[in-house]
Amino acid sequence: MGPVLAVGGCREARTWSLQGGRRPMGPGRAGPMRSSVAAPDCCGGLGNLDFRKADLCVMTRLLGYVDPSEPHFVAAVLTIAFNPLFWNVVARWEHKTRKLSGAFGSPHLACCTLGGAILLLNVLRSHCFTQAMLSQPRMQSLDNPLAYRMGLALLGVGGVFVLSSFLALGFTGTFLGDYFGILKETRVTTFPFSVLDNPMYWGSTANYLGWAIMHASPAGLLLTTVVALTYTVAILYEEPFTAEIYRQKASQAHKRS
């Protein structure tokens, strides 16, 4: 079925508060590190290396193991891309119209229903991810006990971030409750939000990466890249909108006071 804990795919912007303000960029979204230390002169120095060719070589090697037109691989890509599109479209529609809250009789019930649908979609995504790996060749260089243990460790770390995020936010906090008008009074700053922005997303990504390494699967590595890119786009799309929700709420609270 796939990594059971890879159920991230829920927004992380619940870390805003009624007082406004944005969490500083965490290590999970920091830019590339740069060093002022001079490159070694051995072999002409690192400055003579063409890293674009190295990246292309790695990508070419991975693609040599993968058939992108294979039905299971296509299904995995589609489910990875569809999930955040689905929950963002539905959540924004609910925020604009309150139709789901009206249909279910309360915002909490509507939010829980959407959360259940997201969980089912994530189970489907994990299943498609696993089937795509099983239908493609394994990479011999990853098919060893050390790589397996590394993948297992990544799966464990990702699971910690996903579960601790869920416990810190609660069900409605995890599954788009702020779009239903279920807002938190204070910003969540406890672990894992104290060490990483968007820990649900990046924990889920770590789960898939670990799962791919455990299966020595180039297809899994490529699909993990798709997961990471999809979450990055989702974060860029969601955070400004959620910031505006809490800004409006704070403004209304200020007027009432």
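Just so you know, glycine gets a Cβ as well, placed from its N, Cα and C.
According to TrEMBL, the protein has these features:
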- GLY156, VAL157, GLY158, GLU238, GLU239: S-adenosyl-L-methionine binding site (BINDING)
- 71-91: intramembrane segment (INTRAMEM)
- 1-70: topological domain 'Lumenal' (TOPO_DOM)
- 92-103: topological domain 'Lumenal' (TOPO_DOM)
- 125-151: topological domain 'Cytoplasmic' (TOPO_DOM)
- 173-215: topological domain 'Lumenal' (TOPO_DOM)
- 237-257: topological domain 'Cytoplasmic' (TOPO_DOM)
- 72-91: transmembrane segment (TRANSMEM)
- 146-171: transmembrane segment (TRANSMEM)
- 208-237: transmembrane segment (TRANSMEM)
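In this view, GLU238 (S-adenosyl-L-methionine binding site) is surrounded by 22 other Cβ atoms within 10 Å of its Cβ, with every protein chain counted.
Note on the topological domain 'Lumenal' (92-103): residues 110, 113-114, 179-181, 241, 245 of its chain, located 6 or more positions outside it, place their CB under 8 angstroms from a CB of the stretch. In the topological domain 'Lumenal' (92-103), the DSSP tally of helix, strand and coil residues is 11 helix, 0 strand, 1 coil. With respect to Cβ neighbours within 10 Å, the binding-site residues GLY156, GLY158 differ, and GLY156 shows the lowest count.
Confidence for the topological domain 'Cytoplasmic' (237-257), expressed as mean pLDDT, is 79.
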